[in-house]
Amino acid sequence: MADTKYIFVTGGVTSSLGKGIIAASLAKLLQARGYKATIQKLDPYINVDPGTLNPYEHGECYVTDDGAETDLDLGHYERFLNVRTSQANNVTTGRIYQSVIEKERKGEFLGKTVQVVPHITNEIKERIQILGNSGEYDIVITEIGGTVGDIESLPYIEAVRQLMWELGDNNGIVVHLTLVPFLSAAGELKTKPTQHSVKTLMESGIKADILVCRTEHDLSDDLREKLALFCNVRREAVIQSIDASTIYDVPKLMLAEGLDKVALKKLDLPEKNHPDLENWDAFLERHKNPKHEVTIGLVGKYVELQDSYKSILESFIHAGAENEVSVKVETIHSEYIDEATIKNKISHLDGILVAPGFGERGIEGKVDTVRYAREHKIPFLGICLGMQMAVIEFARNVLGLKDANSTEMVQDTPYPVIDLMEEQKDITDKGGTMRLGAWKCVLKENSLAREIYGEETIMERHRHRYEFNDKYKEQIEAAGLKATGYNPDTGLVEIVELPGHPWFIGVQYHPEYKSTVASPHPLFVAFVKAALKYKKEKNSATLA
Ligand code: GLN
């Protein structure tokens, strides 16, 4: 066994307490002290990955460089730590069972009854230790999805119990995140739900080492003493996690509470240096003290749930801070955009982003939106489906190819300007079969994309089945919409832009997956800058 130490993060009382943010914040602090830390998320659902889930179910599906479709918490890990995650960082019950069943079919357990304990729990333990055994990390933080007491989580909790025992003292600790609710009628914070959830954990043989308590009000000393005594943790291991105005405040709040110090002490590791958070602080300073404001419309069909576009919203925070601009994102439902409503919904915006998506619902509103942005010269960024809509709009309204469409929406469209790739045509399985992960893209000289990236070859992450149809490339380019980025191996078009328009770009890939606090994505940075320029020019024109 490598020398790696393990921190397990469990949750109690309710879901949605932000285990991912606490895990990412703790990892950030450990990283800032000079430790190599990574995070893993174990999800107790039976889907093999979240790729087949509707965003309304579980929020955005995040994609890693190696093409894994993963939980959106991995996005937080990358954004906080600025390190790449991979397939190994997200494991679901579906994947665990799939692999155990495959082994059973191969005869690896020949003669044995295959059971949750030990076969499923062993598989979980193996998956937890893959990252640790790679030798790349000093500390692996494993977040167990769900809430203790859930039927689904039981095998994970048992695997953690066994692993804690196998790892031995000071090599593994459990951080338990709970809620300390405020009862306004009584005017009091209540500790009982936390006591119960710690007890539930105990019944499974796990003792929490550190309690992180989500709360709307400060925990008094008395309350901390009480929690320590009744939950059987040291006084300094009762950590308050008070509601913050931004998730990016959480690492500093955890630092002030000493979460990293207690964790290191329990793992018998030295504190090393005081966390170096200079760049983080500089980012927060810019984020909280913007000099300007822009309003950007995010046009999509999953807008009712903010988590559906998590990475895009976070990318705007990074790009806004970089430009010292507060980016107000106005989410607009594409289904309700039509000729009658468009002016009202769109004309005041300083920039328009047409979002990724699947299926037919709401696409005509997206096409109308692109047209408005193109004709009124409003800065425009189309991502994935948004880029495809830009091509369709151009084909219909500039080239006059009436009813041009993607074969995803209308199979027998007369002008399939967006079509299925040849190698996708025989695929019928839905899970994990799209064009996924990082692919190379070459940027043409003298293009806006090349200017923005400042490099000739980039790597960006993909998640789609349909592509710009090469058959229409010449015709579309001749009419003015230029293909300025392409895949050097397949020739597939990855970027379109409109010279003559102040800022109009559509990208087949997802830039939002790669934006981090330490390294805001250049495309978002340039988009926000273009929106600000547009706003200033619009204002000076009205004044004149
Ligand atoms: N539905 C489109 C495709 O599969 C776009 C996907 C996306 O926006 N991620 O190609």
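Placed from the backbone N, Cα and C atoms, the Cβ positions cover glycine too.
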- Note on the structure: From candidates ASP65, ASP66, ASP71, ASP73, TrEMBL puts in the same ATP site as SER16, LEU17, GLY18, LYS19, GLY20, ILE21, ALA244 the residue ASP73
- Query: Per TrEMBL, what member of SER15, SER25, SER334, SER347 joins ASP150, ILE151, GLU152, LYS190, THR191, LYS192, PRO193, THR194, GLN195, LYS226 in binding CTP at one site?
  - Reply: SER15
- Task: Enumerate in sequence order the recorded positions GLY18, ASP73, GLY357, CYS384 whose Cβ-atom distance to ligand 1 is under 6 angstroms.
- Result: GLY357, CYS384
- Rounded to a whole number of Å, the separation of the Cα atoms of THR191 (UTP binding site) and GLU143 (Mg(2+) binding site) comes to 23
- Item | Coarse DSSP state, helix versus strand versus coil, of ARG465 (L-glutamine binding site) | coil
- Taking the Cβ of LEU17 (ATP binding site) as the reference point, list residues of the same chain whose Cβ is under 8 angstroms away and which are at least six residues distant in sequence. GLY11, LEU177, THR178, LEU179, ARG214
- Item | Mean of pLDDT values spanning the domain 'CTP synthase N-terminal' (5-269) | 95
- Query: Which value in Å gives the longest Cα to Cα span across the CTP site residues SER15, ASP150, ILE151, GLU152, LYS190, THR191, LYS192, PRO193, THR194, GLN195, LYS226 as recorded?
  - Reply: 31
